[in-house]
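Now, the feature entries from TrEMBL:
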DOMAIN    62-505  domain 'Cation/H+ exchanger transmembrane'
SIGNAL    1-20  signal peptide
TRANSMEM  44-64  transmembrane segment
TRANSMEM  76-97  transmembrane segment
TRANSMEM  163-180  transmembrane segment
TRANSMEM  192-215  transmembrane segment
TRANSMEM  227-246  transmembrane segment
TRANSMEM  296-319  transmembrane segment
TRANSMEM  339-364  transmembrane segment
TRANSMEM  385-407  transmembrane segment
TRANSMEM  413-440  transmembrane segment
TRANSMEM  452-470  transmembrane segment
TRANSMEM  482-505  transmembrane segment
Amino acid sequence: MKLVWFLPVALLIVTQVALGSNNGNNGLDMAAQRRAANIHRMDTIILLTYVSVMVVIVVTAWAFKHYRLRFIHESGVTLFYGLLIGFVIRYFGLGLLQSQTFDVETKNKTIVKEPPDYLMLEVKPEGGSSVSFHYELIEGFFADKRKKIEQQIEQKSVFSPEVFFNMLIPPIIFNAGYSLKKRHFFRNIGSILAIVFIGTTISCFGTGCLMFVFTSIFQMGYTFKELLFFGALISATDPVTIISVFNDMNVEADLFALIFGESALNDAVAIVLSEVIENFSTSSEAITLHDFGSAIAGFAGVFFGSLMLGFGIGCMNAFLTKMTLISEHPLLESSLFVLISYISFLVAEVCGLTGIVSVLFCGIAQAHYTYNNLSDESQSNTKHFFHMISFIMESFIFCYIGVSVFVTNNQRWSFSFLLFSLISITASRALFVYPLSWLLNIRRRPKIPKRYQHMILFAGLRGAMAFALAGRNTSTENRQTIFATTTAVVIVTVLVNGGLTSWMIEYLQIKHGKDAIEEGQRLENSMSCSRGEQHSDLEETIPVTMAPGLNPWDKAFLPRKWYHFDASFMKPLLTHATPSLEQTLPPFCLPITSLLTSSRQRAVSNPPN
């Protein structure tokens, strides 16, 4: 019996001796475990906070739509919620664990030429052996040297810029292309492309030059390249607030198409411009003609390379869904659609192109071709899924913009820089809206009226893309000021311009509601009669069986050629449209066209007697 009691006591004494000999290491191990548990708890609290705010945002959006409240848009309310949450985290901290900050010097005074990706920290406690901790450094996070201790929830509330570009932005941009109202978009395609390419470029260089003049006069210490980069990123407009109000009020279709088309496409132009400017370098002090030509060639290569890649992947998915019977399994069909759409973004980034441009034109291609091959269930699922995920991502980003004002350490505020920015942005937008509209009106029918031009100027809201671009690199104080200024510009434009949109529509006497519908019908009747055509109600998209050249808006040379090529080759190749390639191509192509024609096309083209 004594032996039974002796053995546990002896084991306990031996264990205590062993623990005592390595007490320092065990203390660190226990502390590390406690910190890991606290980090997990902190992550859960942050997620719970954001998800709870998103629930409130959804309910608020319903309330605004149900009671037709237009004095402020739900995007502005979302920003306010974010500001409120950020204020609470920053100044109250919720009584949560504080983090520790240490000054670390490199071993043997090693010269560091580039920021490290990983950090190995070796700690030697008293009376114990060394313990190593492995840390991953996140680009874009730079702590304030004056702030040695801060709330851990404050740090955990901040997301990596790559999360925005790789996870949040792609669904928003894809939905812009996938939900494009093609009829009015392509009716105004010439004006939209002019505003997107010429207008965004003028806005970029106009903002950069004006800011360079202001900062040079007041000796604020910014380079022309930094300010040109700021001009590029701040030229990206956001359609969410304005378009939502336009939908609620049912404004004139052409105005809707012009503003939505600019917002949907100029994000792509702005991101390519910013990347070209960011990577631009010259061997001499002055920019030569060769440097200018190289920059233009780089822009064209990146933009059109991304465009062709995204469009090609969209066409590949259309052909895949046409030639297989995957439509018999809507779940697999919808899953394939979503995954291939996301692949278009990733492949472009891997190839050194721009994923935003790629995923946008992939969405346009999928809407034009793949959508016609999907089952009814998958058509409904994909439309609703991307509309829903785009709304959630947009709302989260606006909420996070408000939170970031208080919790991020990589924003440096300068109210003089902000004031100059607002002046430069407005002036640069006016610099292309009015002259470009005048030039377009020389040949355009119907013309862009003055009230449209004033509304286009007013609709220059900034949003998710500008914020994400500015937050991608905050390694210097100037970049931190640019990031803070971009955040402020987003808040100001969403609250002021977004809140006053309905008032501006009334003030400019822009037709909406029943008046806009009647005006659109009158315009279509007059244009059809002027071409000697019998007017008929047009569908939202051109039917796949429409013969080449019968679209009433294909009066320009290039659109007319494209419609003919699309109806006679692209749609028969990528969809179940009729006539099939066996009927539209010459007979000697029959061995190939028979392989590219689906059984469904043959059944429609050759019905049984």
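Glycine residues also receive a Cβ, built from the backbone N, Cα and C atoms like all the rest.
A TrEMBL annotation is a machine prediction, not a hand-curated record.
Three or more CB pairs closer than 8 A are found between the transmembrane segment (44-64) and the transmembrane segment (385-407), so contact between the two stretches is assigned (pairs 6 or more residues apart). Scored by C-beta pairs under 8 angstroms, the transmembrane segment (339-364) has its highest count with 296-319, from the stretches 163-180, 192-215, 227-246, 296-319, 452-470.
Sequence-distant neighbours of the transmembrane segment (385-407) (same chain, 6+ residues past either end, Cβ-Cβ under 8 Å): 50, 53-54, 57-58, 61, 75, 78-87, 89-91, 154-155, 157-159, 164, 168-169, 171-172, 174-176, 178-179, 240, 334, 338, 463-464, 467-468, 471, 487, 490-491, 494. The transmembrane segment (413-440) makes contact with the transmembrane segment (482-505), as judged by at least three Cβ pairs under 8 Å among residues 6 or more apart in sequence.
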